[in-house]
């Protein structure tokens, strides 16, 4: 074979006439000395029995140098006449190779001569749309959509739409699954007769015997609907949607539920109320008690998103009862999907009605047995507080914020500390001094060290908001007292908090109070306490020198 080539050697050797008849296949091999490149095979198509036809090994070359490198070397004409037909006929069963081919062909238009010849890329991608591996099919559909978006309308009619129809009529379900993701590209350029045929084909796919095909049709319905004319949207598409919401497979119903908000946004508000809302109400009565918790969860998420589309009156009359029902669902993700999008409902129905109807349920969920539900409530509290105002917050939610500081789950305690900081920022230091600071400091005596650590964390977060005066007179004395704690974890967290306070307080306070405490901690028997104390002292020295 000759001497080894340096790593990075180009695999293609161009001849003086500008062609590339010799293709060097490169194999990356690992050796004890590191990665090296060696020549594996030298193929000269001019000397093969099938002249000009790249061999099967060419397909594996793309792992290292890409098909685009080969196409540039071959030129546009030879790429169209030799490389693309070879890729169309290849029967490689390596999913990684097929996935890479599907991805690269999506950006191959310049290498075959531009959009005028983009149609030559369709056959290999059509083949990839039928393979068993889902990720390969999805990437092939993505590449077909990218190419179709670039093609001329006449070429779409001549080449792309027939491809979609062939896949939709495919004997194997994989082809029909792939076809569903291509209709929104094909439809816009089709003449009226073809548009009617495409709508009919899509309707048939939604009734396919295979659930996988119906799932694909349901998930792509929103994209297809966005290209359909308004008059057909209200009839054909809504009829399809109605059928999907009554499918016997919960996975199909779930995807139909997820698509209803997208459909609603395509219609005018009055049309949405007339056409989407009845469908939602009809199947929500069944889905709110659906045996599948995942379907109910999807329903909760999507219906909350429908509030801005439907407007205030329809939301209050039709959706609010569903919200309240789903807030009591036994499955935590259903409740989470309602809670996480309450702001969308608030924008529509207003805070007064929200507080009257939903707030009691929110207060109940604040003590939910599932910690992720409690966490979602905590993260929503600052927004809710800003909308309700100080008075309402103090009456209804203030006690909960303190209660969460002693939750059994760390994520809840951590979120509760951050929540107090955000509330102090919202209502101001004076309010925080009256309603938060003293209650927090009172908890520093909790017998469990994990809860005491939470209080230290809360103090470090509150200090920048409260300012130097309150920090020096109220927060710092509690931190200094905590430095005498018997638990090393508390003491090294004290060192970290003191380090965070150094930029906030006056230099005299650092010298007279903080540094002596840190010096004492730097002599602690525990190695971690000494480490963090010394870190804080170094930070103090740096602040003084600067």
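Including glycine, each Cβ sits where the backbone N, Cα and C put it.
Across the repeat 'HEAT' (198-236), DSSP classifies residues as 30 helix, 0 strand, 9 coil. According to TrEMBL, the repeat 'HEAT' annotation covers 198-236 (among others).
Secondary structure by DSSP for the repeat 'HEAT' (237-275): 32 helix, 0 strand, 7 coil. Residues or ranges marked as repeat 'HEAT' by TrEMBL: 237-275 (among others).
Look at TrEMBL and you will find 276-318 (among others) tagged as repeat 'HEAT'.
According to TrEMBL, the feature repeat 'HEAT' maps to 319-357 (among others). For the repeat 'HEAT' (319-357), the model's pLDDT averages out at 71.
Positions annotated as repeat 'HEAT' by TrEMBL: 358-396 (among others).
The repeat 'HEAT' annotation in TrEMBL covers 397-435 (among others). Counting residues 6+ beyond its ends, the repeat 'HEAT' (397-435) has Cβ neighbours under 8 Å at 363, 366-367, 371, 374-375, 378-379, 381-382, 384-386, 388, 390, 443, 446, 450-451, 454-455, 457-458, 461-462, 465-467, 470, 474 in the same chain.
The repeat 'HEAT' annotation in TrEMBL covers 475-513 (among others). Same-chain neighbours of the repeat 'HEAT' (475-513): 437, 441, 444, 449, 452-453, 456-457, 459-460, 462-464, 466-468, 520-521, 524, 526, 528-529, 531-533, 535-536, 539-540, 543-544, counting only residues six or more beyond its ends whose CB sits under 8 Å from a CB of the stretch.
Per TrEMBL, the feature repeat 'HEAT' maps to 514-546 (among others). Only residues 6 or more beyond the boundaries of the repeat 'HEAT' (514-546), in the same chain, are considered here, and those with a CB under 8 A from a CB of the stretch are 476, 480, 483, 488, 491-496, 498-499, 501-503, 505, 507.
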